[in-house]
């Protein structure tokens with residue numbers, strides 16, 4: 001089943017997450033129509049190869065043209081219109097930057113895999129549960145109720161303003177009528193009664209003005225209270241969810257709902273401002289001693305513009321490393337997106353944003369760092385601005401030397417991207433400021449793993465979005481939180497998270513260290529100090545495994561055939577009662593980025609034996625795909641012919657059933673002469689072979705990769721005895 005078909009079968013809560021990352025950059029219509037073709041392309045490789053990206057973009061447009069031709073025959077007018085629009089947008093947006101479309105599509109496919117993995121592993125850890133508490137939902141409902149109440153109150157003051165206008169018009173009419181009366185009429189009883197009526201109307205007018213201003217003042221107070229308490233609290237919760245999403249966790253929706261609340265409140269304040277303008281016009285036409293409008297209006301208008309709403313919607317990230325946001329390399333471009341949490345057309349292009357980094361002037365941002373927010377930058381009509389071509393550059397030292405560009409930077413030093421926002425509206429200028437989450441600067445890609453560890457630890461350990469001195473004294477993290485985040489690393493980076501058994505093995509590895517107490521682990525034990533008896537840290541070991549999976553065994557990992565995290569002791573417990581030839585795949589604990597397999601068999605007297613091969617690392621897996629190794633692996637026992645001991649993947653899956661679809665080719669046979677009489681060649685392939693002596697209970701480390709195909713070995717068997725073959729295998733020339 002295709003990945004897209006699996007996505008469409010998800011529950012609604014997961015489908016809502018999928019909906020979040022499809023927009024005009026890559027419309028969902030294209031993902032749906034071209035699902036199989038899109039999944040068959042290597043978009044991740046194209047995101048780092050401009051030539052490949054250009055070809056894929058051209059092919060994407062060709063595929064769209066073919067779809068257009070198909071739907072034109074069906075006379076589907078709406079779909080035809082949408083496809084033409086989408087094609088025009090894609091060509092215009094990515095023609096000069098084809099690598100960007102590859103980045104966008106690879107990100108979408110990766111997010112789909114992450115969500116599918118989360119759906120298949122519904123067990124939630126403490127971090128994710130904390131984001132879904134019932135109190136949060138209750139607060140959201142209260143916010144929506146209060147927003148609706150404020151909107152209704154503003155409609156009532158609108159009626160009050162209209163009533164005041166009508167009352168003043170009537171007063172003006174009566175007053176002018178008196179002014180036009182004859183002098184004799186002015187002394188009449190009727191005249192005296194009219195004057196009394198006017199005085200009552202003036203008193204009523206004054207009362208209604210004060211009443212209207214009092215209601216408006218109360219609305220502004222309630223709006224301010226709602227914005228700066230409940231809504232800001234909601235926004236802080238969303239920022240916390242964003243922190244979690246940055247380190248691989250789930251990004252729950254809710255920002256659009258928040259924007260809707262802020263927008264409704266802003267619209268209410270704008271409506272109040274217009275009402276205040278009308279009151280000012282009325283006061284200009286008719287004022288009196290003690291008139292409240294001139295006294296209160298100016299201050300009330302100012303309070304209508306007290307917003308704190310620019311928000312970093314998409315945190316800084318290098319397009320070349322989309323799964324490692326908040327780590328920035330000097331002189332490499334990164335992207336960041338800002339969003340205004342009010343959606344008002346009159347603000348389009350009236351909001352200017354300037355990006356800068358830190359305040360210590362150690363770094364500067366090169367590229368276009370001043371832009372205007374616009375509706376065109378988003379797919380839902382929000383006011384947004386995306387900086388796509390910013391580059392951090394380290395400044396030269398004040399001593400006049402070359403500075404530190406290119407030197408080893410401290411991967412625990414935090415910096416912040418700051419955005420100065422200026423809103424120009426109705427003759428007023430409002431200056432606001434917001435910042436990204438803390439970022440780590442690196443000068444060499446080799447620093448990326450440690451920098452990413454810093455980002456993980458920060459966002460796990462604190463809700464504070466701006467503690468740049470965090471690593472002066474980093475707090476410990478709970479083991480349960482760390483394990484949850486470790487699973488997220490595998491889910492987001494290689495498409496499949498960790499189950500409870502795998503997490504238990506990691507917990508055992510972490511808690512072997514002396515710093516573990518009361519359920520907490522220190523930063524030093526996680527990333528700085530070596531594992532007991534090893535020359536590397538826990539994080540270095542785990543990162544090497546992630547890299548191994550990503551580059552060499554990804555399909556096998558996604559299919560769930562790599563047990564991976566299992567201790568040698570647990571491995572033997574699992575295999576001892578299984579059929580001979582049952583094996584499992586395990587990550588090496590002594591070799592960085594190594595994977596091994598262990599199988600079980602029985603001796604002649606029925607004793608259970610376990611055999612593990614020397615771990616395969618990225619160098620050896622670059623030469624031979626791991627699935628092919630499992631297919632072709634041979635063992636030569638003393639006085640026996642080579643045979644593949646791997647029969648069943650634990651617990652009892654036939655090997656070819658599990659890995660058959662991942663074999664790169666079928667084993668070659670001896671080629672035969674052609675009809676023209678040409679002599680055929682004997683094809684050769686690398687076959688991993690181990691020699692296990694019968695007097696050894698433990699397997700020797702194989703010297704493995706020999707250039708011999710099954711067909712070649714078949715020829716040798718016909719002409720040589722097993723003893724001769726074994727002697728040849730022991731030759732020093734056969735050693736690796």
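Using the three backbone atoms N, Cα and C, a Cβ is placed for every residue, glycine included.
Since the structure is predicted, the reported quantities are computational estimates derived from the model, not experimental observations.
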Next item on the list: Can you dig out which of the ranges 234-261, 262-289, 290-317 TrEMBL describes as coiled coil?
Entry: 262-289
Item checked: Residues of the parent chain within Cβ reach of the coiled coil (262-289), under 8 Å, 6 or more residues beyond its termini -> 147, 150-151, 154, 157-158, 161, 164-165, 168, 171-172, 202, 206, 209, 212-213, 216, 219-220, 223, 226-227, 231, 297, 300-301, 304-305, 307, 309, 341-344, 426
Check: Roughly where does the coiled coil (262-289) sit in mean pLDDT, to the nearest integer?
Finding: 88
Checklist line | Residues in the domain 'SH2' (557-635) grouped by DSSP into helix, strand and remaining coil | finding: 23 helix, 23 strand, 33 coil
